Amino acid sequence: MIAMNTPLQTKPLPASPDARLSAADALSSLTSTREAVANRFTTPMWYKVSVSVGFAIATMLVWALWGGIFSSLSDLQIILCGVAITAVGVVLEVVLVWKMERRGIHWLTMPATPSGWLYGVMAPFVGIGTMTVPIWCNGMAWWMALIAAVIGGVATLLLMNMCDAAMRDYIVAGGSMDKVRLDGDDRRDDKGNELWTRARLLALPDEERRETARRLTSPYWLHTAIGLEAMLCIVSALEVVSLFKIGSHAGGFIIPVGSFVLIYALDTTVTRWTRNAKVDTRMMPASPVSWVLFFAMAITCLIPVYLAGYGFGFTLRSGNVPLAKLAVGGLVFVVLFSIFGQLYDRRRYSDIVKGV
């Protein structure tokens, strides 16, 4: 006989097939969701192939200008070629980034793991390093330059793939992107996490709408920082070309490497501040005056494109960086870009306050 106060020993019921199936479905759904998120934080294959092919073509162009079929051109012609190559490269990169933006890809993201950082840093290093092979090996045959271009392009593609694979593994494993994501949902408000619209802005009280307008526009220093960063990138890249041209020792690369580190730190700081402050970098101009100021600001960006091409051609031919002309041209660009940028942002602030 069983005592009255003795607890009954019951065995746990086995999980039903439906419960096991539901758990498997939940895990599968979670994995699918994370893979979908990973697709938005990794660059598509067509972008990586385009960049790799671009590095290969640039290598052949450097060979043609340095020791190949175009080496007999005059200094002016070399400079014009450098301007044209730089302009085409900038336009193509803008088009590729625009296509990724249209597809909702967060391309402005730092690597999330040490291996991702390694592959991400090595990819442009290999691509740019391949471009300098014709400078190091002066007088190399066209087929040797072609082999170097193909190897460099394939290596760049593989490294970019490995960087994205590391990012994908990190996301699928449940890693957070908050600390490495540099862009954000700029146009979403704090309360309902919905996009800002004219109706939502007009529904706000006047003081709150002004505060929102201040948050959605850039501060006074932002355009100046962007202009200085662009010119620092140009000068640093030309210093590297000059060092390869004159065959400097390894110690000569300390200044360019330090400059690139400073550029990265400045870019990361500006971008993180823009994201944390929820400055809207994607809102289109809302009035005719805003459009005019926007195009004026965009036209000034042709100045650094010209300076980069001019400096590349001049440095490739002479081995010296035209610092005086870059300083004057860079000053003009930074001043004009800052002025038009401030006018554009102040006009956009006024448009937002008025609910345009």
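Even glycines carry a Cβ here, placed using N, Cα and C.
Because TrEMBL annotations are produced automatically, they should be read as predictions rather than curated entries.
Annotation source TrEMBL lists transmembrane segment at 49-70, 76-96, 117-136, 142-160, 220-244, 250-270, 291-312, 324-344.
The stretch with the most CB contacts under 8 Å to the transmembrane segment (220-244), chosen from 49-70, 76-96, 142-160, 291-312, 324-344, is 324-344. Tallying C-beta pairs under 8 angstroms between the transmembrane segment (76-96) and each of 49-70, 117-136, 291-312 places 291-312 first.
Among the stretches 49-70, 142-160, 291-312, 324-344, the one making the largest number of Cβ pairs under 8 Å with the transmembrane segment (117-136) is 142-160.
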